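K.L.:
My questions all concern the structure below.
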Amino acid sequence: MKPLSSLLLSAALSAAAPPHPASPQAPLADIPRIGVETRTEFSQNSLDDVVNASPLLSFHRDLVSIESISGNEGAAGAFVADFLESHNFTVIKQPVTTESDARFNIFAFPKSQSHSLDESHPSHGPQILLTSHIDTVPPFIPYSLHRDANDTDDRNILIAGRGTVDAKGSVAAQIFAALDTLAVQPPAPLGLLFVVGEETGGDGMKAFSQSTHLNPSPSRFHTVIFGEPTELALVAGHKGMLGFEVAAHGHAAHSGYPWLGESAISAILPALARVDHLGNIPVEEGGLPASDKYGRTTVNIGQMEGGVAANVVPSEARAGVAVRLAAGTHDEAREIVLKAVRDATGGDDRVVVNFSLEGYGPQDLDTDVAGFNVTTVNYGTDVPNLQLHPRPDGKVKRYLYGPGTIHVAHGDNEALTVAQLEEAVRGYKKLIQAALDRSTS
């Protein structure tokens, strides 16, 4: 897939924000506007007409226009649920938090197959699952449309706003791929799962995995198609993840008399210097492993804090670290990190490592459907959070595919083109058909 035009990606024309709880991010004043001098033939009305004429683009617009930052997904979930119910789907809203019913996953399947959702006969339910997430990262950025003044091709219209790419583009394309498939193959055993909380640890997908009703044993699904921005390529796998905090504890004192205290920052620095280079150190020398498929393991010290003032010996210091694992297990990586910190500090018990999340190793995925480019990615997904039970007939096929590029997914230039969204529908239909063919062969 060709990269998006850098000019188009930097555009952010003013658009009125819908009345949602989070404050929208204002367009940056110094970002150039597209075709200001010659844009009269491409009025906002003409751009809106293109979207209004397409059920796919209209649904995507309406979904993106609803703020759904992680923790506040209720309105977006209700919109998706209502849409699916109006298109003859049975919709189950699975609560994710016990405090309220405002956060829920959406599990849906054709009403004509409702009788088959039976725990005692899981093989009779939906067998092909399309799944993505409806939450986004902050801040909310309003939906907007942009077009180069010299481009008359509607397919090149740029659709911008928070979630256009990650991952409401996948949600929209998956829904319309399912609708198109069911229109010509009504018995197709399709299920749709749209979860909350993917951006903040995956509590939505974990809740689905733990449901014996929705996720019975043995698994009813023989194929799962995950939706994330992959530039319309099939992903052969993505790196694993390990998150942790390095913390040091000291004793405060006046900076004029530092020997009366113990500097937590001085204690933590050798540990961080060692951790920062673990991805570049050979395994036999105590480093983190690499692989031919995923390259090097990467380490990012993304947060640091410590001390209260420059003239006070700091009593506390801490740093947050994210590791993208190219090989091995997260348990093995933990041991490597712990040993590195011990070696760097000489076993100083004032410096400790706290592992915040469970973590996971590299995730290998299927790419056995012809007609797609194949790639690997470095970002994390809900793939490891979906824990399916074994099937008597073998392993579950897992695919990762979707429109847009991760390079803009969390930025203020998040956007994709009409062509990418429409092509994603065709791509998902191809993956669905391959799964249907497999189940009947």
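Placed from the backbone N, Cα and C atoms, the Cβ positions cover glycine too.
Heads up, here are the entries from Swiss-Prot:
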ACT_SITE  Glu198  active site, proton acceptor
BINDING   Asp166  Zn(2+) 2 binding site
BINDING   Asp166, Glu199  Zn(2+) 1 binding site
CARBOHYD  Asn88  N-linked glycosylation site
CARBOHYD  Asn150  N-linked glycosylation site
CARBOHYD  Asn354  N-linked glycosylation site
CARBOHYD  Asn373  N-linked glycosylation site
SIGNAL    1-16  signal peptide
K.L.:
Using Cα coordinates, what distance in whole Å links Glu199 (Zn(2+) 1 binding site) and Asn373 (N-linked glycosylation site)?
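P.N.:
With the alpha carbons as reference points, the distance is 26 Å.
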K.L.:
What's the number of neighbouring CB atoms sitting within 10 A of the CB on Asn88 (N-linked glycosylation site)?
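P.N.:
Summing over all protein chains shown, Asn88 (N-linked glycosylation site) has 12 other Cβ atoms within 10 Å.
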K.L.:
Given Asn354 (N-linked glycosylation site) and Asn88 (N-linked glycosylation site), what distance in Å do their CA atoms have, once rounded to a whole number?
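P.N.:
So the Cα of Asn88 (N-linked glycosylation site) lies 48 Å away from that of Asn354 (N-linked glycosylation site).
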K.L.:
Inside 10 Å of the Cβ of Glu199 (Zn(2+) 1 binding site), count up the other Cβ atoms and send me the figure.
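P.N.:
Its Cβ has 19 other Cβ atoms within 10 Å.
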K.L.:
What is the total of other Cβ atoms whose distance to the Cβ of the residue listed as 'active site, proton acceptor' is within 10 Å?
P.N.:
26
K.L.:
Please determine which of the glycosylation sites listed here (Asn150, Asn354, Asn373) has the lowest count of neighbouring CB atoms within 10 Å.
P.N.:
Asn150
K.L.:
Let me check the 10 A CB neighbour count of the residue listed as 'Zn(2+) 2 binding site'. How many other CB atoms are there?
P.N.:
29
K.L.:
Going by Cα-Cα distance, which of the recorded positions (Asn88, Asn150, Glu198, Asn373) sits nearest to Asp166 (Zn(2+) 2 binding site)?
P.N.:
Glu198
K.L.:
Helix, strand or coil by DSSP: which one applies to Asn354 (N-linked glycosylation site)?
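P.N.:
Asn354 (N-linked glycosylation site) sits in a strand per DSSP.
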K.L.:
Here's one to test understanding: among the recorded positions Asn150, Glu198, Asn373, whose C-alpha is closest in space to the C-alpha of Asn88 (N-linked glycosylation site)?
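P.N.:
If we rank Asn150, Glu198, Asn373 by Cα distance to Asn88 (N-linked glycosylation site), first place goes to Glu198.
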K.L.:
Provide the three-state secondary structure of the residue listed as 'Zn(2+) 2 binding site' computed with DSSP.
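P.N.:
Reduced to three states, the DSSP call for the residue listed as 'Zn(2+) 2 binding site' is coil.
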